[in-house]
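Taking it in order: structure first as structure tokens, then the write-up.
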Amino acid sequence: MTALLLLPLLLPFAVPALARRALDRLAPVTALWVITVSAVVLAGCSLAALGGFVLTGLLKLPVFAALGELVRPLPTPSDLVVVPAAAVSVGALAVCAGTLVRAALREFRAFRSARTEACRRPAAGDLCVVDSPHPDAYALPGRPHRIVVTTAMLRSLDVAEREALFAHERAHNRGGHHYFLAAAELAAHCHPALRRVRGTIRLAAERAADEAAAAAVGDRRLTARAIARAALAGQDARSTRPDLAPAAASGPVPHRVKALLATPHVPRRAAAWIAALLVACTALSFASSATGVLVVHHRVEIAQGEESR
Amino acid sequence: MTDAKDERRPAGELEASVMAVLWAAGAPRTPGQVQRSLGAELARTTVTTILTRLHDKGVVERSRQGRGYAYYPVQDAHGLTARRMHSELDRDTDRETVLARFVAQLSPQDERVLRDLLEPGER
């Protein structure tokens, strides 16, 4: 039982590397789906496994054993394993719940304030322009979908590049990418290894929107140039703000630009393999956590005298 | 892009493109100037229609210029929206989680790589 419940907690550590390869090899939209679904299932399974440990540990305590109407002691491995495992699990679940609620509130507040500001004035089509010296642009999902762009961003791009930017943001809205980003955020708070997967999911969403934009404007090079110009414009504006910490060594923007400048993706056998591996990993996690929880349930029933050994 | 493709685009997208030209210009623009900035892929009457519609919505103002009008975006009161938005959104650097932003921050190395990709000839 312990091994069955440990597996879902260990499997997520294999996923960041797999997810990164999947993004490199699969079409961006496919990668976005496969990685996000995997992350969510793995997060759910690791929570279930923690729950299994907590339940077993609690039923070892006389108070809870009485509450659970156990007539026999719960058949488990040694108390030396079960009790510390339960204690650690309780701590981990508490941390998860805390950060989840905080993150959800923060997201909701940021989203609501962006929405209120964007709706304050009538938009031109779906475009909401913010008069600001900081180059910035983002998709604002909702009813109706909006794209928010600052004047500084509009001025640092030429007409064709602006069309690529708009096409990119519209692709985010049309593809419902905010659901994927929210799912990635939730998963990241459920298991520490899934934090790195969150970055991969964000990148996959950007890549999907980049490809859609390139298709809409009919020019991959132009789309790459728009992204690079926008990023560099943001950098120039930021040089006066030294309080911002530098990002990791190689960020997502050069990756996106290079991917657009490279020849379009051709499906390969490696892509199928990596996707299969990711799905297998997820399925294994699901199977072991489900079996683990069923075993716990079965043992509780035995201890309750409802079922014979 | 061909003329036909441009004329077929949803009205909302055309409005957005025209609005972007006005904001990027920073000075009043006549329909003819807007049309030229857009790469002359739209009929001038289409541009005029869009500008009139934007004016009706109250997102652009216009002033007499010669026989027609020159249009410019309505500034919001002292950039209030921008400031409120930035103070609210800059509070967390994590805000890009659900709001998918166009570009993320760059590291110095990213910047070099991008400049090289933009101008492969000059280093």
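Any Cβ shown, glycine's included, is placed from N, Cα and C.
As recorded in TrEMBL, the features of this protein are as follows:
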type	residues	note
DOMAIN	A:122-183	domain 'Peptidase M48'
TRANSMEM	A:29-50	transmembrane segment
TRANSMEM	A:81-105	transmembrane segment
TRANSMEM	A:270-296	transmembrane segment
Whole-number mean of pLDDT values that fall within the domain 'Peptidase M48' (A:122-183): 86
The domain 'Peptidase M48' (A:122-183) - residue tally per DSSP class, helix then strand then coil: 29 helix, 14 strand, 19 coil
Contacting positions for the transmembrane segment (A:29-50) when only residues 6+ beyond its ends and CB under 8 Å are counted: 5-9, 11-12, 15, 19, 22-23, 89, 92-93, 96, 175, 177, 180, 183-184, 186-187, 190-191, 194, 197-198, 200-201, 204-205, 207-208, 211, 275, 278-279, 281-282, 285-286, 288-290, 292-293
